[in-house]
């Protein structure tokens, strides 16, 4: 029942009428159609014995033979048959058949009908579609790519060469220079392992796939089933009307050295992490809606076509309701993609800094947290008394670049006297409506707008202030913090007119006191003379002296969770940290969800969506350098070489719940640490896990039935681990250590020389850690087993953290984070 219905019912007299209404409403709601994802018994094409042949380098299934196509048709026919024989005619609409990495389908039907599917022969899993959301230039330099990595790969023109990166997102803007094909520097690689298709449609002509973009598809059956799409923005083509998909793709694989120009200002050059990688686009999120059915259909197709890296800056934004997190349909699809040899990277979520808020759960996908870089855009306001107040805003200066100052006017004092509009904050103090202000007062002035009720509840916008400023001819505007609402968070988005946001109440108080000291008011409080003045300085100049990285406030935190009740589990999440704050990258000028960026070819965005393609791009560079490495080896290389200190040599900090507060971050904030691309190319040792290991991990989870695992994944619990913490990943997390436990790991030497490693440990509080062996020598391609004994010495009331450090004689350093909750001795 909606909140509006609840309020309405509360105003009625209690009795039979209300009861009848509630029953009828519930009955209607119960039979409304929804999307359900159904997994079936029987192997999909990629994993059917007798069909799969593998390439020497990538180990990817060949699903394009005539025999494979015939088997795929057989699966589709079986889906149609079960629906036809189980459900009433006209009661459903099949949206997709999944047949490559998962055998199943998506159907739009009612809850009463889906009950019949659940009991049908051959049906393994039925899950309601939870929907999917977006997890919303300088960073190559911040991560050391031009100096340390691109030079190893033959320069930026070769970095990522031969790798296909798949992006499941909002599509792509094919006209953007970040995705242009350069005939002067033609691509050298052939892509026999990849077979994509370019689907044309509105704003996406046939020639959009140009050699840089080598495949582009769109998936809309789910979106069309549950929403009425708007033809003016929900384009049924791979075209990106939002900008998010273009931003993500260009961050990972955009061309090198593309000039970033916004509102006539040059902000430098943008480059992707792997600028020579090719792009395959799978549009599955629309401005109006995103469904999980469209997303998993895109994952299935991307894996079929042969992508090397799969980037998921979209996905479910909450844990599943009726199953453990690892066995949701979304996570099963990611497991199957991993099994097919695809490196899967996903956003950790934007629900920070609350603990237990990650939406990346499974060890077979790399979950990425977001951090800042050392780049800072500083904007400032100069008052008539010479005082300078700092703020936020990518705008040009008021005329004269600070030399000339202009009348300072508080919007409240410029409201028209006729009272022909509502006396609400958007009209009186938030500068949302030009008709509310006296143009004779505000024209040519710097106008103070207050962060008040409308901004607090999200109904007011900076875009509306800009429109008001244009219509009435402001010389500039201020959006200042309101003591009644406290400080607010401001991001430096480009303003086409001079403007600045003052997000701290301490600074807005300075401006307010100056203003009141310089106005004259009559007995009614009306201003009779404006004596204050101000100028806005250029806010578009960057400095590179900030402390970095700092884990962003919005970035979701661990520990990892196993269920909807957010019980912790023995996997470290997030996995790793990457830049995700104030990232310049390609955009779509249509920008249907961000009006302030309309007409721009670039956007500066923040979110774990922005951090994710950084890791995808680094993975492409590692894959290029080591074609035979599995997804888990690539993930391990990034994890064990990650950095835990900032640019000052101090521990990485995280933004806390209180605005502008910092605390010492932990692995539940940053995973293994900040990605270190140059180190990841030469990690020395790697931890490797495969599909059978992940099945054994699932089988070792507490209170998990082997039959449930087999039903969901098709894998059998033949050799479950003693504990989930025995999964061979480059971290150790135990959510409830009682007494003692022996944890096992195996490392492989991927260097080309024999090396001796010395083992050391920083113990978590309350835990004694013993390593066996304490040192070892391992030959190239050789392996070494490690035993880590953990003993509780003190009960504490939360997780504590430490690390194991393996220091090699040839300068390799391998770090293994420890996250332990000692519950009893």
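Cβ from N, Cα, C; glycine included.
Look at the domain 'Inhibitor I9' (71-131): DSSP puts its residues at 24 helix, 19 strand, 18 coil. Among the features that TrEMBL reports, domain 'Inhibitor I9' is placed at 71-131.
Look at TrEMBL and you will find 160-646 tagged as domain 'Peptidase S8/S53'.
The Cβ of residue 169 (active site, charge relay system) lies under 8 Å from the Cβ of 134, 240, 244, 245, 248, 249, 281, 282, 283, 284, 285, 311, 313, 314, each on the same chain and at least six residues away in sequence. For 169 (among others), the entry in TrEMBL reads active site, charge relay system.
There are 30 other Cβ atoms within 10 Å of the Cβ belonging to residue 244 (active site, charge relay system). According to TrEMBL, the feature active site, charge relay system maps to 244 (among others).
Look at TrEMBL and you will find 609 (among others) tagged as active site, charge relay system.
The domain 'Subtilisin-like protease fibronectin type-III' (726-820): residue composition by secondary structure is 1 helix, 62 strand, 32 coil, according to DSSP. According to TrEMBL, the feature domain 'Subtilisin-like protease fibronectin type-III' maps to 726-820.
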Measure the Cβ-based neighbour count of residue 609 (active site, charge relay system), defined as the other Cβ atoms within 10 Å of its Cβ. 30
